[in-house]
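> Per TrEMBL, the features are:
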DOMAIN    108-273  domain 'NIDO'
DOMAIN    528-758  domain 'Nidogen G2 beta-barrel'
DOMAIN    759-800  domain 'EGF-like'
DOMAIN    801-843  domain 'EGF-like'
DOMAIN    848-891  domain 'EGF-like'
DOMAIN    892-928  domain 'EGF-like'
DOMAIN    937-1005  domain 'Thyroglobulin type-1'
COMPBIAS  999-1014  compositional bias 'Pro residues'
DOMAIN    1016-1084  domain 'Thyroglobulin type-1'
REPEAT    1154-1197  repeat 'LDL-receptor class B'
REPEAT    1198-1240  repeat 'LDL-receptor class B'
REPEAT    1241-1285  repeat 'LDL-receptor class B'
Amino acid sequence: MEGDRVAGRPVLSSLPVLLLLPLLMSRAAALHPDELFPHGESWGDQLLQEGDDESSAVVKLANPLHFYEARFSNLYVGTNGIISTQDFPRETQYVDYDFPTDFPAMAPFLADIDTSHGRGRVLYREDTSPAVLGLAARYVRAGFPRSARFTPTHAFLATWEQVGAYEEVKRGALPSGELNTFQAVLASDGSDSYALFLYPANGLQFLGTRPKESYNVQLQLPARVGFCRGEADDLKSEGPYFSLTSTEQSVKNLYQLSNLGIPGVWAFHIGSTSPLDNVRPAAVGDLSAAHSSVPLGRSFSHATALESDYNEDNLDYYDVNEEEAEYLPGEPEEALNGHSSIDVSFQSKVDTKPLEESSTLDPHTKEGTSLGEVEGPDLKGQVEPWDERGTRSPAPPEVDRDSLAPSWETPPPYPENGSIQPYPDGGPVPSEMDVPPAHPEEEIVLRSYPASGHTTPLSRGTYEVGLEDNIGSNTEVFTYNAANKETCEHNHRQCSRHAFCMDYATGFCCHCQSKFYGNGKHCLPEGAPHRVNGKVSGHLHVGHTPVHFTDVDLHAYIVGNDGRAYTAISHIPQPAAQALLPLTPIGGLFGWLFALEKPGSENGFSLAGAAFTHDMEVTFYPGEETVRITQTAEGLDPENYLSIKTNIQGQVPYVPANFTAHISPYKELYHYSDSAVTSTSSRDYSLTFGAINQTWSYRIHQNITYQVCRHAPRRPSFPTTQQLNVDRVFALYNDEERVLRFAVTNQIGPVKEDSDPTPVNPCYDGSHMCDTTARCHPGTGVDYTCECASGYQGDGRNCVDENECATGFHRCGPNSVCINLPGSYRCECRSGYEFADDRHTCILITPPANPCEDGSHTCAPAGQARCVHHGGSTFSCACLPGYAGDGHQCTDVDECSENRCHPAATCYNTPGSFSCRCQPGYYGDGFQCIPDSTSSQTPCEQQQRHAQAQYAYPGARFHIPQCDEQGNFLPLQCHGSTGFCWCVDPDGHEVPGTQTPPGSTPPHCGPSPEPTQRPPTICERWRENLLEHYGGTPRDDQYVPQCDDLGLFIPLQCHGKSDFCWCVDKDGREVQGTRSQPGTTPACIPTVAPPMVRPTPRPDVTPPSVGTFLLYTQGQQIGYLPLNGTRLQKDAAKTLLSLHGSIIVGIDYDCRERMVYWTDVAGRTISRASLELGAEPETIVNSGLISPEGLAIDHIRRTMYWTDSVLDKIESALLDGSERKVLFYTDLVNPRAIAVDPIRGNLYWTDWNREAPKIETSSLDGENRRILINTDIGLPNGLTFDPFSKLLCWADAGTKKLECTLPDGTGRRVIHNNLKYPFSIVSYADHFYHTDWRRDGVVSVNKHSGQFTDEYLPEQRSHLYGITAVYPYCPTGKKYALGCSFKLAG
């Protein structure tokens, strides 16, 4: 059979000429369509059936194909640019989602492709012809030189030729002319399998497709390209996968770049009989048509290359032995919740850049794939082997050793062996034990070392400490004011909540409670880990080069029960960070502050608490460069994190890149007076690079000042001198991460000789086995016990957080909410309450008198005018649109007398409004009426003719109106396919509430009964509300409750005119398990509940509980997701509100009135509902909208703002929908997200115009419009303004980044750079929460670490849109005048 198929094909006589020569040459031209592998029915290709989601019959291969580690004999080809070894699931289960798929997949262009109506074709075949196999072999050999003997025995080809993207059918709209052509070739020799993806020039005219569930929301998902092994055998874990694209730019570059030298051609090793952990791409070709091939010995990231616009960032990788680092797992290495401004003017005189560079292959590559597995040419030993971490060990360049030394003006006066000349007179350096004993109080005499020439006392091997009396640092002493005696009665709130207050003869003092330590004003639990957050600024000269940086982030983590302190400083410019490596005292402060205490000793926090100033002056030798470092502690934040600011000024020696700093363990003596601590020491450090090892030194003067309480008697036993022992000293700078790290382990105790043989209790040296959140209690000898720290529970060796909120062991009073924290908790007042002085009890906020709310105003009725409160008892009145007058008296405006309708339309005046309707023989909206070409027909006949024409389309189920002999609508209409019947008025509009389901008695369509005098029931009120929401006439797919004559729910309810029906109880709630499939009707038992005469809650509304929670929109529902602190309480999530037939997108919350507002792109409305029990939804804007998406509420000015992505407008209105006005209608293409800063009076919005995306801002009245961000953004879908951090943050579905900036556009920071497909985002506390279209859920991201912390996936799998946070209080602050500029402090 194969021989017959090959015999009938054309001969490939010209292929060697066309294709072989380009493969052997450097090439810049893109692949021509004629250079694809030959295809077509004349080559034996089979043709895939036309359609939107088609799959080929199984293709049984003559020879099995290896894919990853398995052999497959069957292949399937799908419409959507994908090949698999098994039949495909429905496209909704994989087309709109990111890699990996849960089935084996080879995807040259995975997107929602539709070949219906002749829009392209998909061809496929198995081939064994020599010409095709030879061409495939040459491609493979070009990309994988180590496979030079690869000779395939069979190939499989699939070609997507001129195929189009799926598009919704719109009346009168022509299909898009954008068509794609691409090809996949799988070649195998029985042992190894390779894949070739080919993209000819101009072959990718669309780069992605729009999800079918996106409705009117304009979103496009980039095509996915890559390979998936599918789920593992246990069906719980992902198998390996390889992803080549993630953004539109990376898709666009598919035909412009290559990994084997020919733009548009990509090769991959996809299977083998030998172990193959993951797909391996070729790695020897061009990454850009404009660049030459990648230099030998250098790897590259395909994903990074595809993301860039012909620009590769060259990164230096700093190799370090990670075993030396003792960082706590899971702690953030850097945080991105701040802002920084970096100004660097640095030019290195010595180029120490490694010859070899490396990077990870792909952030989506899993299952152990490393760069070492990327196949490339055999360089015969020129390339260093890859190590296990996937980084190449740099070969040291041939450079002069002296040129790599620190660039001081004078060479160090030390011999090559590193020995150091001590004092100028050759005398020995005084040791620590030479320090004289402390003098009596107020007479401390500190030894002064002589300072002759440019020398400093140094020693070799050990670090000696002395003291000087001329420390140039802050010596200010803080004292309590004792002029007038202050007592605990009026000042106890100055103490920590974990402290008690005591009165003394001259005043009061605070003392920490048992199991806590500190100075009384600041207390922390003993044994618990501690955290530090802060900012670092500096003005340095590195050598002679100025380097400046402002407010970069500092974070420290301290294990309290063993003295380990880890410090990380992010984004210091490289030259400064490299030069600061020897200055471990920057992080050493936290070592002294939280050092492990030996008996009779106290660490710094026990004395100074969280308010002190640390001054440090460091002089380097032999160059005598001097740098001054000031660290100011500013208290504890609500999470008990210490806040600190660091400022660095002066000059430091230049340290070349790639040098590492090593500092041996050392000891320091600290001398204590009433409110100050001083220390002076000298320290050696060595700089190493390869075989180079040079030793230098510096001298440190330290002064720490803090506030003490002088009223309590001084403890006579406290030593005036303590010794800090520091070991396991570690310093590292990672250029790729731009993080400077220090790690030290600290113990503080009395001054002792090193030769003391007494065994040390494990509690005092940190060698105990207690949990990091436990206290170590020393016993006899080396015995000890462990006790969990306050706020934790367990046996001491294993401790877990105690939830005080759940157990009731908290002090939060009535009308407050308890929020659990690690080791603690906090209280928040509910809406309308504020804290009393004890910070635990919540008292009612007395609102000011408001005539507009208490009814004492003199304005016209609410339906005619609105009352505007101006503070106090003043107010003004204004007539509503459609009324005229002074606000106190308002009369209806007859708009029909103003000729607002089209001349061929009839105007109908209504109170406060009007409507227009085209006259017979015309059609339109009444404002524009066009003559109807079928005017000789009646409306019934015209609709009947149109419906009959729709039956030409397969699957159409339109209702064909029934007309009488005169062409009028018959009062009774019945659907010919579904069996539903209903009454219509003379215009053919359905009479609400008359619809009957199939099989029941048709309604009586006669004169309307006399109106009942009884109150409307739930069913009737719900029906009227939905009809108003639908604009009076529902569509066939919109649900309207069916009520009987008494207003009760009919037991059988159906959705629109579909066959989906279900039973309900007397309250209209669906009876579980009764929802039917098309063609069947459930048997429902009638209910006999009496009419309801009192207001009751909607049957589909569940009021939320108090506390902080998230609200998100999902189709026709608003979901409720509570928070415990910042953690998602997924088990308590539920549906808050369901609006059948709606597509809810934007959502926001008014904290003053506890109202939630939302936009509906299906109903083209903006609505709101109270969160109180029994509240009903209320439509407040129902005209002039097409696709309202983003929504923002100003709770101070009582105003809302929204975007319309079809009208390209940004509008505003008061919260009741009045005083509506257009703010912007120009220079907008696709406005989406919108956010408001009510305190400062600023408005922000995004425009995801694909040609020029941007984020803009203006004042709230539309003045001072300007572009804030327009670089390095793609699809800025989500936008949020954090009123607490004052940062504007956005989630970008194009760049996959979460970024923040200051309100003026400066200080831009990346929080996370690997999002999936975010849509909307909101900020709360230290977390971001965003909805994601790839995950169909809510994802939480930590602001500080940028790490994903949790996600919530609703049971109903569909896209989530907007999200907002509901606080139990309103953010407060001074309201800025509109148009005023502002500036953040600091």
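Cβ coordinates are placed from backbone N, Cα and C, and glycine is handled just like the others.
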> Apart from its near flanks, which chain residues at least 6 from the ends of the domain 'EGF-like' (801-843) lie with a Cβ under 8 angstroms of it?
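Tertiary neighbours of the domain 'EGF-like' (801-843) are 493, 497, 525, 528, 638-640, 773, 789-793, 1106-1108, 1124-1125, 1151, 1154, 1367-1370.
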> Quick test of the contact rule: Cβ under 8 Å, at least six residues beyond the ends. What residues does that give for the repeat 'LDL-receptor class B' (1198-1240)?
216-218, 866, 878, 880-881, 1146, 1148, 1150, 1152-1153, 1155, 1157, 1159, 1166, 1168, 1180-1181, 1184-1192, 1246-1252, 1258, 1260-1262, 1265, 1276-1281, 1283, 1288, 1290, 1303, 1320, 1371, 1373-1376, 1380, 1382
> Of the residues in the domain 'EGF-like' (759-800), how many are helix, strand and coil by DSSP?
4 helix, 15 strand, 23 coil
> For the domain 'Thyroglobulin type-1' (1016-1084), give the DSSP counts of helix residues, strand residues and coil residues.
12 helix, 10 strand, 47 coil
> Using DSSP, what's the helix, strand and coil tally for the repeat 'LDL-receptor class B' (1241-1285)?
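Taking each residue of the repeat 'LDL-receptor class B' (1241-1285) in turn, the totals are 0 helix, 23 strand, 22 coil.
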> Determine the mean pLDDT over the domain 'EGF-like' (892-928), rounding to the nearest whole number.
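Taking every residue in the domain 'EGF-like' (892-928) and averaging pLDDT yields 83.
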> When secondary structure is assigned with DSSP, how many helix, strand and coil residues does the domain 'EGF-like' (892-928) contain?
4 helix, 16 strand, 17 coil
> Determine how many residues of the repeat 'LDL-receptor class B' (1198-1240) DSSP places in helix, in strand and in coil.
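Split into helix, strand and coil, the repeat 'LDL-receptor class B' (1198-1240) gives 0 helix, 23 strand, 20 coil.
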